[in-house]
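See structure below.
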Amino acid sequence: MKQVWIMLSKVGISTWRIYEVTGYGPVFEEQPVDTIYPEESPEAKITMNCRARANPPATYKWKLDHMEIDLNAEGSHYSLAGGNLVISNPDKTVHVGKYSCLATNTYGTVISREASVQFGYLDLFSSEERSSVYVKEGQGAVLLCAPPPHYPAELSFRWILNEFPTFIIPDKRRFVSQITGNLYISKVDSSDRGNYSCIASSPSISKSVFSNYIPLEPQTERPIRKYPADLRVKFPDTTALVGQNVTLECFALGNPVPEVRWKKIDGHLPSNHEVRMTGTQLHLYNVQFEDGGTYKCEAVNSKGKDYHTARVSVEAFPEWVEHISSTEKDLRSDYTMSCKASGKPKPHIRWLKNGEPVDRNEMRFSSLTFDDSGMYQCIAENRHGVIYANAELRVFACAPTFERNPVKRVLAAKNGRVVIECRPKAAPKPAFSWSKDTELLSNSTRVFIWEDGSLEILNVTRADEGRYTCFAENDRGKANSTGDLLVMDSTKITLAPSNTDVKVGENTSMQCAASHDQSLDITFIWSLDGRVIDLHKDSQHYERTTNGSSNGELLIKNVQLKHAGQYTCTAQTPVDNITASAHLVVRGPPGAPGGVRIIEKTDKSVKLQWSRGADNHSPISKYTIQYKDQFSNDVWKNATTFPVNVEGNAEMTTVVDLIPWTDYEFRVIATNTLGTGDPSNPSPIIKTLEAVPVVAPSDVGGGGGASRELTITWTPVKPKYYYGPNFGYIVAFKPQDEQEWKRVAVADPQARRYVHKASDIPPLTEFQVKVKAFNVQGEGPYSLTAIIYSAQDAPAEAPAVVEARALSMESLQSHLCVCVSQVKYWESGQSEGQAETIGVSSRENHTKLENLRPYTEYIIEVRGYNSAGYGPPSHHFRVLTKKPPPDRAPKIIAKKVKGQSINIAWEQVEPMANESSIEGYRVLYRPEGQTTGTLYNTYKRNIDLPLPPNGNYVVEVRAHTEGGDGATTTVPRFLSWLLCLILSTWCLIVLKCSLKPLKEQI
């Protein structure tokens, strides 16, 4: 004898309980699967797997199309390897079909799921030459793939251009259908010229084939015409299975390239959708029944649109709702095996016993016999698939035995009820009787023997204590088992909780105490409205006080509205329990109102209605209405209402001072004496009605511009003040001395200027201008009238250059006579295209040109300009820049103190032939750390500088020429050097004085 546990099989479902048995029937661990055998496969065999766990071990048979395969037939291609079926040298004409495996032992037979064997192939494309495709540029083109014969049906497609591996990458303009394989080009252009080949690939047999090249010849057309969107790829009515993914395709020809949009006619697109391949594919992930419906793809371009609709139906593979499981049943007992499966279409249920069909819808047994034992299979099937549930039914008979489940010792509460179980293993079902001590018991008003053998005693007393024996007997034998009954004191509530009324945030407690049998432990359990309170998880609000083992007081801290309800205290011992309840009323701010909706609307108001929320035991005193519009950056603001105060008994009000043609949503908040509650859910979004604009553009002005133009400018009206669709501006203007205004409409709501061009506009003429807004409802008020001037004419004469001279090696100065000028200059050896330009203000009649090359001739041109444009250029002037100064700094040769000054001397700087002559020297005498000081000019090669009063000074010496200043020599930290000089002199004097007395002593 041994214990056996049979687990779930891999495909079907089969379970076993733990029993002492000598063996068990077959349970599949591996079953055959659908197989596609490539006709060109180098491996000349097919293996169909089958393995079952069984005791004793199973033997195996196989069926092909429900006919048993004769493994020993002469010339058979079949053989067994364990339970696996091996097909050697497969033949398409013989071995295609549906295979199933049968596993058998002494307990019965089970049959596996059916698995098909098919031969996969992908033929070559036709060798016929493909015709050239001629298409005008701008038109669409379709290149047909025409895949060759193949199995299975699933292929993937790609196209190459001219040579492998230059693949066509799908984009908004080009699309490869994975259903037909065709290549679609929405708008052909010259870059599409070339030879195209379709590649068809079969993932099942890992094979790809190429079509012959198809030449595409774009035909030049000028101008290129535009064509409306024309859908050429349209997804068909599609059936998807729950849990699977599905892809819908749409693609359109057209110029401009159409944009494809997707919609679900009877609702929103599912949350599990993704638009891929630049909009041409709608992919639905993990499809569910609610995703079914009519889908629409719409192709749109500037010339027109096209659309297509088709249905997506969602069906489902069979799935078990209830299935059979292995079990043991008593001889001559009743038993029903039940199987229920969901799926769409609704699955058909059929039964097998030991691998053979049983013509029943339900396996119902009355008075089971040993012949009913065996292996049963329930099969649910629809057009999408089949599922199996396997179970073993074992009918047994035995004399009663209490070996595994004897009568137990039982405790009972005084005055309570007790049940003593009697559960022997026996088949057929035995007859039961009971005795107490030596007294045989029978049914009475207080004592009952149940049908399953259990003994029930009501109103238990101390006299019921004793030894109780259960007797069980059937036609196979009899047995008995004895257990003791002990009677304990019953548990009683001595202090029950009482109804309590508190405010939100307060603390309160619920009392509960009980008496009980002192030999037993007692536990207090609290529940709120039937839900047990987890004191550890809810410790923030609940706590048990420690005041003796018989006290179960519950402390409730920081009471919230959610803590209101019926509290039940249960005092429980191992023998009995008793309960007592009380209500906790929590008063607090009101709950959120519900059902907020708009029942009327105008351009500036809406009538709002709502339903009262819970007042939480404190009357509602008022309501606050809040709104959020499309311009409020997702911020809720308090609304203005009529009447201003919304009383607590109201369920309707009018919101006023709204902005016309604006999207709004509203919410309602209730308040009572204990606070303000949570806001309601927002109302549906509504748009107020349109109205005539009331805000005029601001900052109206303008002027200037090109000749014969009047430029009018303004600050646009903010979108919140459009008040309706078709928003724009009316621009009115007239000369100062005329009466009639000219009006022009500007349709762009974001426009900031209008330029009126007319040959009769006189230059620099005063105009009055004003601007107002309009929309579909009418025109708003004008802005304030502004005075502007029309553009002046461009200068008619060239500026007169009075003088142009070189200032240094890299700067020139020009004197002009014109209001506003542009100076253009370039080296004489360069082209005018390399010229630099600078502008000169109308307040200046000269300018300085800097950063020029030294000793270089420059050409200068000057022209006047104003807002109307440029005048004619001046004559060209040529100017030579100065030679550069020497790049060598003066060399300091002496530094001497002379009374209150210091004399610094340097060597003469000798210029080179290409450098300017020395005109003198410049000496900058400045405090250290500063850039400014006293500048001295001298023609000599030395200078006397006053001694610094304090701090460190720096001396800079440089040569000066007509080409500018040369390199600088610096004498740093002048005071420190001077102090050292003075201190060293003082030391010599002191030393001389101290030596004189010493000499006199000698």
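Cβ coordinates are placed from backbone N, Cα and C, and glycine is handled just like the others.
Mean pLDDT across the domain 'Ig-like' (26-118) comes to 94 in this model. According to TrEMBL, the feature domain 'Ig-like' maps to 26-118 (among others).
For 123-210 (among others), the entry in TrEMBL reads domain 'Ig-like'.
Residues annotated as domain 'Ig-like' in TrEMBL: 228-313 (among others).
According to TrEMBL, the domain 'Ig-like' annotation covers 318-394 (among others).
The annotation domain 'Ig-like' is assigned in TrEMBL to 400-486 (among others).
If you look up TrEMBL, you'll see 491-579 (among others) marked as domain 'Ig-like'. Taking H, G and I as helix, E and B as strand and the rest as coil, DSSP gives the domain 'Ig-like' (491-579) the counts 3 helix, 40 strand, 46 coil.
The domain 'Fibronectin type-III' annotation in TrEMBL covers 592-691 (among others).
Residues or ranges marked as domain 'Fibronectin type-III' in TrEMBL: 696-793 (among others).
What TrEMBL records for 798-884 (among others) is domain 'Fibronectin type-III'.
Look at TrEMBL and you will find 886-979 (among others) tagged as domain 'Fibronectin type-III'.
The DSSP breakdown of the domain 'Ig-like' (318-394) into helical (H, G, I), extended (E, B) and coil residues amounts to 3 helix, 48 strand, 26 coil. Taken residue by residue, the domain 'Fibronectin type-III' (592-691) breaks down under DSSP into 0 helix, 50 strand, 50 coil. By the Cβ criterion (under 8 Å, sequence separation of 6 or more), the domain 'Ig-like' (318-394) is in contact with the domain 'Ig-like' (400-486), since 3+ such pairs are found.
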